Amino acid sequence: MFSLLITLFLYVLIATIGISLVVFWISMMAEVIRTPKENFDKKNGKVLWFLIVFFGNLIGAFIYYLKGRKAANKSLYLSDRPPLTFFGFIKLVFTYMVLTTWAFIVLWPLYQMVISAFNGLQQSHIVMNYDFEFSLRHFEYLFNETLYLTWVKNTIFIAGATAIITVAVVSLTGYAYSRYRFKGRKPTLMGIMLVQTIPTFAGIVAFFTLHSIVSNVFPFFSRQMMLILIYSGGAIAGNTFVLKGYIDSISTELDDAARIDGCSDLQTYWLIIMPIARPMLTIIALWSFIGPFMDFLLPRVLLTSTESYTLAAGLFTLMSDHRTMNQPAFAAGGLLTAIPIVILFLALQNQLVSGLAKGSVKG
């Protein structure tokens with residue numbers, strides 16, 4: 001009896017909420033329709049868009065619920081999915097609402113970045129107005145009034161060197177820890193793991209000291225080279241575990257067969273294991289290459305001149321320095337920076353999917 005009353009109460013509550021939402025939707029639509037065309041601003045358009053998306057999800061979930069109920073009433077239900085219950089329908093509506101809200105939260109900043117980069121009406125500060133005039137003047141400012149191309153060159157140099165060093169060293173360390181059993185193997189693996197727990201910021205004083213010592217011995221050792229060593233060291237420590245796990249999934253019978261055919265350890269590493277591990281090496285190279293594009297703290301602290309900045313540190317001057325303040329140009333630079341990274345991901349997506357799928361299974 002009690003469960004029946006609870007169920008009845010929930011039905012009445014949900015029906016009341018549903019009727020209230022429908023009445024609210026009708027009243028808001030009527031208000032939007034009654035608004036004169038000359039007074040129909042972007043705010044009303046946003047309200048209309050929200051209503052369409054919200055109730056579109058609601059109607060779509062309701063249609064899905066009705067189809068499930070219709071299939072459930074049939075004598076033979078030919079589907080692996082169970083019929084959608086009433087509470088399942090409520091859960092589905094709630095899920096759609098959460099996903100729609102989350103998508104809006106993720107996509108809205110990207111939308112604002114693109115609009116601000118191409119909006120000629122934006123001045124030095126980004127203002128949330130709804131007037132738009134297509135213009136490329138922020139991109140012209142970026143190329144003509146800043147050192148954007150120099151920052152791009154610096155970033156590509158640091159990122160490329162980091163990726164090359166990381167892949168070269170990690171391929172050796174990952175193979176050695178996977179295939180060989182030597183004294184000190186477990187303690188050194190544990191040491192590599194513990195190094196990952198130390199935040200990069202905690203080592204800035206040590207980085208300055210190390211650079212001073214090395215630059216006194218080798219005058220050509222610049223702060224950019226110091227950045228390359230820092231990025232490479234961090235990437236080598238973490239990716240050694242990743243590649244070791246991947247190589248562990250490769251059968252040792254391949255090594256035995258190669259040795260029977262006369263291959264040395266180096267030939268087995270280079271001709272047998274590395275071609276098989278190419279998908280994971282691609283992922284490691286991509287992660288190592290993207291890191292310097294995204295890092296702001298270390299370049300900002302270690303690099304002393306604007307000409308030596310990376311993209312992240314250089315673009316931030318368009319937000320923090322009142323002499324060069326230009327937030328729309330910052331948005332334009334962020335957009336241009338994202339394009340090659342997206343192209344890299346699209347070009348290497350087959351390798352990425354293959355590496356992640358195989359690396360997640362150890363056999």
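From the backbone N, Cα and C atoms, a Cβ is placed for every residue, glycine too.
Positions annotated as domain 'ABC transmembrane type-1' by TrEMBL: 152-348.
Sequence annotations record features per position, and here TrEMBL assigns transmembrane segment to 7-27 (among others).
Marked as transmembrane segment by TrEMBL: 47-66 (among others).
Annotation comment: TrEMBL describes 86-111 (among others) as transmembrane segment.
Remote same-chain partners of the transmembrane segment (156-177), defined as residues 6 or more beyond its termini with a Cβ less than 8 Å from a stretch Cβ, comprise 185, 189, 224, 227-228, 231-232, 235-236, 239-240, 242-244, 246-247, 269, 273-274, 277, 281, 284-286, 288-293, 310. Annotated transmembrane segment per TrEMBL: 156-177 (among others), in sequence order.
TrEMBL lists 189-214 (among others) with the feature transmembrane segment. Away from its own ends, the transmembrane segment (189-214) comes close to residues 177, 221, 223, 226, 230, 234, 237-238, 240-241, 297-298, 301-302 of its chain (Cβ-Cβ under 8 Å, at least six residues beyond either end).
Annotation comment: TrEMBL describes 226-247 (among others) as transmembrane segment. Outside the transmembrane segment (226-247) by six or more residues, the chain places 158, 161-162, 165-166, 169-171, 173-175, 177-179, 189, 192-193, 195-196, 200, 203, 207, 210-211, 214, 273, 277, 280-281, 283-284, 287-288, 291-292, 295, 298-299, 302-303, 310, 355, 358-359, 362 with a CB less than 8 A from a CB of the stretch.
Residues 159-160, 162-163, 166-167, 170-172, 174-175, 179, 231-232, 235, 239, 242-243, 246-247, 250, 254-255, 258-259, 341, 344-345, 348, 351-352, 354-356, 358-359 of the same chain lie 6 or more positions beyond the ends of the transmembrane segment (268-290) yet place their CB under 8 Å from a CB of it. The annotation transmembrane segment is assigned in TrEMBL to 268-290 (among others).
The annotation transmembrane segment is assigned in TrEMBL to 296-318 (among others).
The transmembrane segment annotation in TrEMBL covers 330-348 (among others). Counting same-chain residues at least six beyond the ends of the transmembrane segment (330-348), those with a Cβ under 8 angstroms from any Cβ of the stretch are 112-114, 116-117, 126, 138-139, 142, 148, 282, 286, 289-290, 293, 311, 315-316, 318-319.
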